[in-house]
Every structure is written in C-alpha cells, then in structure tokens.
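Below is one structure, written out as structure tokens, with a few remarks after it.
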Amino acid sequence: MELQEVLHMNGGEGDASYAKNSSFNQLVLAKVKPVLEQCVGELLRANLPNINKCIKVADLGCASGPNTLLTVRDIVQSIDKVRQEMKNELERPTIQVFLTDLFQNDFNSVFMLLPSFYRKLEKENGRKIGSCLIAAMPGSFHGRLFPEESMHFLHSSYSLQFLSQVPSGLVTELGITANKRSIYSSKASPPPVQKAYLDQFTKDFTTFLRIRSEELLSRGRMLLTCICKGDEFDGPNTMDLLEMAINDLVVEGHLEEEKLDSFNVPIYAASVEELKCIVEEEGSFEILYLETFKLRYDAGFSIDDDCQVRSHSPEYSDEHARAAHVASLLRSVYEPILANHFGEAIIPDIFHRFATNAAKVIRLGKGFYNNLIISLAKKPEKSDI
C-alpha cells in the first residue's frame, strides 16, 4: 500500500477519530493567532494584485474535524480585523479558502460542517453567505497544488514534520536494518540514520518552499507551525513513548522483532537552525518572524470542544487520565499507518502501553512538545522592486 494511503488521521466522528481528539491542536492555533493577525496585516499592506477583491488563501494539511474550520475562522477574522484597523472603507473582499490534504483525508466530515459555519460567520462577523468560499484541493503539499502566482496567503499547522517517504538507506547492502528497535530518528539512532532523516527532510522542505514560491504572488505570505527539536529537559517525546510501547510488545512476545525493525515512521522534527538554513539556502523567501514555544503534550486535556478550560476537579489532575488523553490523540494520528504494518488487532495494546509510559512522564512534570512558528514572505521579483 502506498504511503499516502495510510499517512492520514482517523476520519469520522468516533472515539478514536481525529475530530474527537484534537484539543491540543486547538491550543496551538490559539497560540499562533496573534502572529497570524500580524502576518495578515503585513499581507494587506503589501497591496498585492486583486487583494481588495478576492483574497486567495490555503490551509496545507488541513486534516478534518472542528480544527479545520477553526483555522479558516481565524484567518477570516484576522483579515476583517486588520482591514477595520486600517480603516479600509472598500467593500469587503471575497475570501476564497482552499483546504488541502491527502486524498484519504475525511473531507466529507468537513463539508457537513459548512452550512452551520457559514451561518455562524454571518452572525458573528457580518459576512454574508458567499463572501467566504471554501473548497477542497486534495493532494500532497510535497507536489504542486495551485497555478503559478495565484495565491496570496498559505498556512500550515503541524504538517511539515511528515516526510514524503521513509528515508532511503535505512537498510544496509547486506539487508541489515540500520535503525534497529527504533521507529524514527531518535537521539539513540545511529548517525547514518539521523543523517538519512535529515537529508530527506531537507529535500522535502526545499521542494515545498520552491513549489510554494511558484504558487504565491510576489510578496505573498506563508505562516508555518511545526514541531521542532526539543532539549533534554523536555523528557521523552511522544514518538519515544510509542517506540517504547512497541518494544514492550516485542519483549513480551506479542510482536516479532523483525516486524519492529522494518517499521520506520516518515516524520522528522527539525531544529530551528536546520529550518533556517534550508529557507536561506532555497532562497525564495525572507524570514519575517520566528518564535519557539513549549506545550505539555497533555495540555489539551483541560480543553473542551469549544477550546474553553474545564473545571479543575481531581479527575483532571490525574496523570493516568491525562496519559489516556494523550494516547487517544496519538492513536487518532498514527493508527492508520500502525494498523497497516502491525495489524489492527494489536492497536489497543500499543496505546494501552503508551498510556502507561506517558503517565510516568507526566507524573515527573515532564513531557513537552517544542514548537516553531515561522512567518515567511516571498521575495519580490526584480521587476517588482
């Protein structure tokens, strides 16, 4: 089965769906919103072609569930807020939003939410139905999605860490697995494995920047949020805990060691310096803003479906309940690729052990995601200067 067929979130509205387990990502979007408003302000002041009539934006790696339209809402509100601050008396521009993700993404669940979303947008923002048009653009952002110089603003949150493929070179010429008993490029991975993952990320992100520069208008903007490398004080990350859970099943005899050794997740958390270096070497974009921030990976446990903080009852401070919440989030993201390789029957056991390991980390006050926000502007052509 092709990687793109299994590298997607759990669809639907069930307990294991991404739609039901994405409160952490809501916190990330809330953290990024002030930067989004700043980025939109710079975009509108740049006076790009046709921007006062129709602003074309896209969310790259939109997934499904409530967060998808939460991102759209934040973009629309930012545009209207900045225009009001600028005292722009021209008629509001139409906003055309493209939601992009892999073909197996559950776009239908998003479409079902659109009627109520449009009504809410009209009630809260005064935007008449038809002034914000939302469409899907299925496909991989590792390839071309839009016509040349057609887009004003591109947004992506928690997607760029996913690679276009498992790096080559993880098996030696003698057929020996280089990344033995590991599922990604961890701190314990051999240097050749770490280099293979970095090389693949460099290739993918360079291609991403080049293609996006072709799709954006001159001086168009791009706002990216992704996981980046943490430090020793963060404790084991969720991929480490997932790796530990699968190793436990191997030790207990529930999985064959060869099955683990042949599994590598196409994901890479780059360092800030690695990301900056790739942007500078590719050369199409100027870095306008860069910030890192940490969030506990159980932070979303205290957030309800409307991104409001729940009451602080003893239940919500219990590390086992919080760990189970983190396990549900990870399952909603990685179940398709895990089930494809290990089989569906073992999935509950993997995440039961994951939750056990996560509870130990949470009890110690550790367990953080290190996140990066980077705002980019496409460099103007010489003829535009």
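Residue numbers in this text run from 1 along the chain shown.
Cβ from N, Cα, C; glycine included.
Annotation note: CYS62 (S-adenosyl-L-homocysteine binding site) sits in a coil segment as assigned by DSSP. Feature annotation from Swiss-Prot assigns S-adenosyl-L-homocysteine binding site to TYR18, CYS62, ASN67, ASP101, LEU102, SER140, PHE141.
Residues annotated as caffeine binding site in Swiss-Prot, with similarity to another entry given as evidence: TYR158, GLN161, PHE162, THR238, TYR369. A helical conformation is recorded for THR238 (caffeine binding site) in the three-state DSSP classification.
Taken residue by residue with DSSP, ASN264 (Mg(2+) binding site) is part of neither helix nor strand, so it is coil. The feature Mg(2+) binding site is assigned by Swiss-Prot to ASN179, ASP261, PHE263, ASN264, with similarity to another entry given as support.
Annotated site 'Involved in substrate discrimination' per Swiss-Prot: HIS155 (among others), in sequence order, evidence recorded as similarity to another entry. For HIS155 (site 'Involved in substrate discrimination'), the number of other Cβ atoms no farther than 10 Å from its own Cβ, over all displayed protein chains, is 25.
For ILE267 (among others), the entry in Swiss-Prot reads site 'Involved in substrate discrimination'. Within 10 Å of the C-beta atom of ILE267 (site 'Involved in substrate discrimination') sit 20 other C-beta atoms, taking all shown protein chains into account.
Taken from Swiss-Prot, the feature site 'Involved in substrate discrimination' covers GLU344 (among others). In this view, GLU344 (site 'Involved in substrate discrimination') is surrounded by 10 other Cβ atoms within 10 Å of its Cβ, with every protein chain counted. Secondary structure at GLU344 (site 'Involved in substrate discrimination'), taken from DSSP and collapsed to helix, strand or coil, is helix.
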Among the recorded positions HIS155, TYR158, ASN179, THR238, report those whose Cα falls within 10 Å of that of CYS62 (S-adenosyl-L-homocysteine binding site); none is a fine answer.
HIS155, TYR158
Taking just the CA atoms, what is the gap between ASN67 (S-adenosyl-L-homocysteine binding site) and TYR158 (caffeine binding site) in Å?
12
Out of PHE141, HIS155, ASN179, ASP261, GLU344, which of these recorded positions is nearest TYR369 (caffeine binding site) by C-alpha distance?
HIS155
Remaining residues near the recorded caffeine site, that is with C-beta within 8 Å of the centroid of the site residues TYR158, GLN161, PHE162, THR238, TYR369:
CYS226, ILE227, ILE267, ALA269, VAL333
